[in-house]
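Notes for the one structure printed next.
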Amino acid sequence: MLFLQSSHSANKKIFMGRSEQARRLLLVADQEHPNSHQSSDGGVDCNSSATGFLLFTAIVAATCSFTSGYCIGYSSPAEYGVLADLSLSMAEYSVFGSMLAVGGMIGALMSGKTADYFGHRTTMWIINVFFILGWLAIAFTKVSWLLDLGRLLQGIGIALTSYVGNIFIAEITPKNLRGGLMSLNSWMTGSGVAFVYLIGSVVKWRGLALIGSIPCLLQILCLFFIPESPRWLVKNGREKEFEGVLQRLRGKKADISPEAAEIKEYAEFIQLLSENKFLDLFQKKYARPITVAGLTGYTFYMTNIFVLAGISSEAGYVTLAVVKILSTTLAIFLIDKSGRRTLLMVSAAGTCLGSLLTGFSFLLQQDHHYWISVLALTGVSVYFVSFNLGISGIPWIIMSEIFPINVKGSAGSLCVLIYWISSWAVSYTFNFLLEWSSTGTFIIFAAVSALGFLFTVMLVPETKGRSLEEIQASVTSVLR
């Protein structure tokens with residue numbers, strides 16, 4: 001287990017063996033800000049209250065995640081309507097469902113560089129263009145290829161959101177609020193899935209697609225009123241804007257000098273290093289953070305699960321909608337108290353249990369007792385509660401915290417790519433696996449969750465209560 005050290009001492013480890021210029025930089029910083037690294041927990045004393053402007057900025061940024069959740073959940077309530085209206089086979093619909101993941105892979109490859117070049121706020125505008133074009137293609141299609149194209153465009157938007165939405169909120173929030181505010185992305189994603197589940201029982205699939213474009217239009221307008229990430233600004237040499245934005249986010253009366261000093265010192269050091277290329281990520285020093293940032297479920301085809309389990313789709317979707325909203329809300333309040341690692345272990349254990357209960361219900365299905373359906377719904381609910389408490393959001397939070405600025409773009413793209421490759425495998429094969437063995441399908445999910453639990457125990461570090469600079473310095477220096 002990695003025991004995170006203070007930002008100051010970790011930075012000194014990184015500087016060892018580097019240029020004389022880098023070492024002089026740290027010494028000068030010590031003389032100019034002798035107390036800037038000290039606080040009761042060993043980091044910069046930047047514990048701040050949540051200002052109205054900070055909350056507004058985080059909520060606007062997290063709106064992309066609401067649309068992402070809506071896209072992810074869309075294929076479940078739309079399934080039978082699309083199959084009937086467009087006369088698609090189950091194999092063709094599986095292609096439609098999996099095109100979201102194919103788009104995700106494409107978006108993953110461009111996410112880091114796009115955000116690094118254009119900035120996080122501009123990238124959010126680009127994301128909404130992909131979402132709106134995707135929804136329009138789906139809503140007005142009369143042929144399957146246009147349906148698939150719309151899903152592909154949505155996948156690109158979701159992949160960009162997976163990277164930019166989390167990185168942006170991580171970079172604008174103080175360390176004592178970062179976990180809770182970053183959980184907004186997970187909450188918004190869960191709310192998007194819950195919303196499309198709720199209205200999907202009464203609105204037809206084309207109407208659902210048009211409704212999905214409304215949050216995109218609202219966010220496009222609200223993006224005019226939020227700033228760029230302060231860390232992106234300082235990385236790109238816009239220091240005057242950086243200080244002004246940081247002051248607005250922390251409040252007019254807040255003393256931002258310790259936090260600003262740490263951000264500048266770390267950014268100045270990173271500028272002395274060459275920006276890493278994609279292949280450089282496979283060096284030993286980045287092995288741990290790359291491995292940690294990558295864990296993923298069955299939200300794509302819930303209608304099939306309900307039908308096989310003998311559950312009313314309306315009752316099932318309403319139950320899951322309530323479960324999703326409650327569990328993601330709970331995660332917001334727990335993440336900065338319990339810690340990322342603890343919640344991730346609880347989440348992995350819970351998804352394993354939920355999958356086993358669901359698989360067991362299918363095994364007993366020949367008995368035709370009503371309690372078998374109840375057991376299946378209970379298993380699915382346990383899975384979703386557990387998934388939303390940790391696995392749905394915490395890997396993205398950790399990804400946003402552990403990578404240094406010079407590799408964040410490439411490393412983030414790699415992590416998002418790994419996520420979408422696994423999502424494609426799940427979304428494309430899920431229906432075929434159910435036809436093979438409904439019980440066996442959920443046993444496989446349970447086994448993957450069990451491996452996720454062991455993975456978390458052995459490799460995932462705790463990052464709560466640390467500044468980004470402190471976490472990044474510690475994680476990359478521990479393997480030197």
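Every residue gets a Cβ built from N, Cα and C, even glycine.
Nobody curates TrEMBL annotations by hand; they come from automatic prediction.
Database features (TrEMBL):
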TRANSMEM  53-75  transmembrane segment
DOMAIN    57-464  domain 'Major facilitator superfamily (MFS) profile'
TRANSMEM  95-112  transmembrane segment
TRANSMEM  124-146  transmembrane segment
TRANSMEM  152-169  transmembrane segment
TRANSMEM  181-199  transmembrane segment
TRANSMEM  205-226  transmembrane segment
TRANSMEM  290-311  transmembrane segment
TRANSMEM  317-335  transmembrane segment
TRANSMEM  342-364  transmembrane segment
TRANSMEM  370-399  transmembrane segment
TRANSMEM  411-430  transmembrane segment
TRANSMEM  442-460  transmembrane segment
Proximity verdict for the transmembrane segment (95-112) and the transmembrane segment (442-460), three or more C-beta pairs under 8 Å: no
Candidates 152-169, 181-199, 342-364, 370-399, 411-430; stretch with most C-beta pairs under 8 Å toward the transmembrane segment (53-75): 181-199
Among the ranges 152-169, 181-199, 342-364, the one whose Cβ pairs under 8 Å to the transmembrane segment (370-399) are most numerous: 342-364
Cβ pairs under 8 Å between the transmembrane segment (205-226) and the transmembrane segment (124-146), at least three: yes
The transmembrane segment (411-430) and the transmembrane segment (181-199) contact flag, 3+ Cβ pairs under 8 angstroms: no
Contact call for the transmembrane segment (181-199) against the transmembrane segment (342-364), three or more Cβ pairs under 8 Å: no
Per-region confidence, the domain 'Major facilitator superfamily (MFS) profile' (57-464) (mean pLDDT, whole number): 83
